[in-house]
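*Asks:* Dumping the structure here so I can ask a few things about it.
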Amino acid sequence: MALVSYTISLHDNLITVLSGTQIKLPGVPNLHTSQLITVVAVLIALPSLWLRDLSSISFLSSGGILMSLVIFISVVCTAAFGSVEANHSIPFLHVKNIPAISGLYIYSYAGHFVFPNLYKAMKDPSKFTKVSIVSFAACTLLYTALAFLGAKMFGPEVNPQITLSLPRHHFITKIALWATVLTPMTKYGLEFAPFAIQLENNLPDSLSSRMKLIIRGFVGSIILLVILSLALSVPYFEHVLSLTGSLVSVCICMTFPSAFYIKLSWPHISKPVLILNLFLIAFGSILGVLGTISSAKMLIKTLLRAHST
């Protein structure tokens, strides 16, 4: 589901950056230009699913980090030198929106499932904890700064993706849009890696390495095509992302880790740590249920509204 959100982001920004472009493919008249270009972009990223070397995949991911910094700098420059005045007021808290946005917050920190593979691929695994702390701290600062800028610059009218709110005639906006287009293309390989490694490990030992690679690549290609179909069928970034966070990410980053920790450490776990983990399980479960219900309702309403017009 995370890759579906990435693909929706890719599609939305391609619509803006290539506005006015018309491409028609013989035999598929119902495929819009933005959809056709999105298909091409995903096919370009497809070979990354065949990579087996985690260091190569991590190199692609570092490209995504670079693109994120480019987007952040573009927004800052627009606020500082562009035609957008950061004069909107920011409300303190909208309690009624907490269930809906909880999935967005949780999703932003749900990179846990790639941690075991990254840990094994590190040259010095002893630095994993330090790297994790620095990474999460940097992400928190980046998220907070972008949220503050988006609220001050555009107020309630801000788009689900801040790049879509930037003035389209500015050159710096073009840079931000292309950076947002390239970011998802660097994520497919890393997001798919844990599943691919598990799949390859479960294949019979009698198969050659080449055959395992072919099976892995074939399955990855099919999954990516399914993801592409879902993204083009349900192109509602914020609702899909929120649903992903509430339905999947909350289990990955809160409920399951705490439950597994209690299970593994039960003979010698201290009472305060036990209470903390039980609280995280309960809190995560409540957020997950409420967020899933809220996000699903909004997604269904949006789909019904789109089909009724």
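Any Cβ shown, glycine's included, is placed from N, Cα and C.
What you see is a predicted model, and the numbers here were worked out from it, not measured in a lab.
According to TrEMBL, the protein carries these features:
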{"type": "DOMAIN", "residues": "2-293", "note": "domain 'Amino acid transporter transmembrane'"}
{"type": "TRANSMEM", "residues": "33-51", "note": "transmembrane segment"}
{"type": "TRANSMEM", "residues": "63-81", "note": "transmembrane segment"}
{"type": "TRANSMEM", "residues": "101-119", "note": "transmembrane segment"}
{"type": "TRANSMEM", "residues": "131-151", "note": "transmembrane segment"}
{"type": "TRANSMEM", "residues": "213-234", "note": "transmembrane segment"}
{"type": "TRANSMEM", "residues": "240-262", "note": "transmembrane segment"}
{"type": "TRANSMEM", "residues": "274-293", "note": "transmembrane segment"}
*Asks:* Taking 33-51, 63-81, 213-234, 240-262 as candidates, which has the most Cβ pairs under 8 Å with the transmembrane segment (131-151)?
*Replies:* 63-81
*Asks:* Go through 63-81, 213-234, 240-262 and flag the stretch with the largest number of C-beta pairs under 8 Å relative to the transmembrane segment (33-51).
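*Replies:* So the stretch in question is 213-234.
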*Asks:* Near the transmembrane segment (63-81), which residues from the same chain, at least 6 beyond its ends, have a CB less than 8 A from one of its CBs?
*Replies:* 142, 145-146, 149-150, 152-153, 162-163, 166-167, 170, 172-173, 175-176, 179-180, 182-183, 186-187, 190
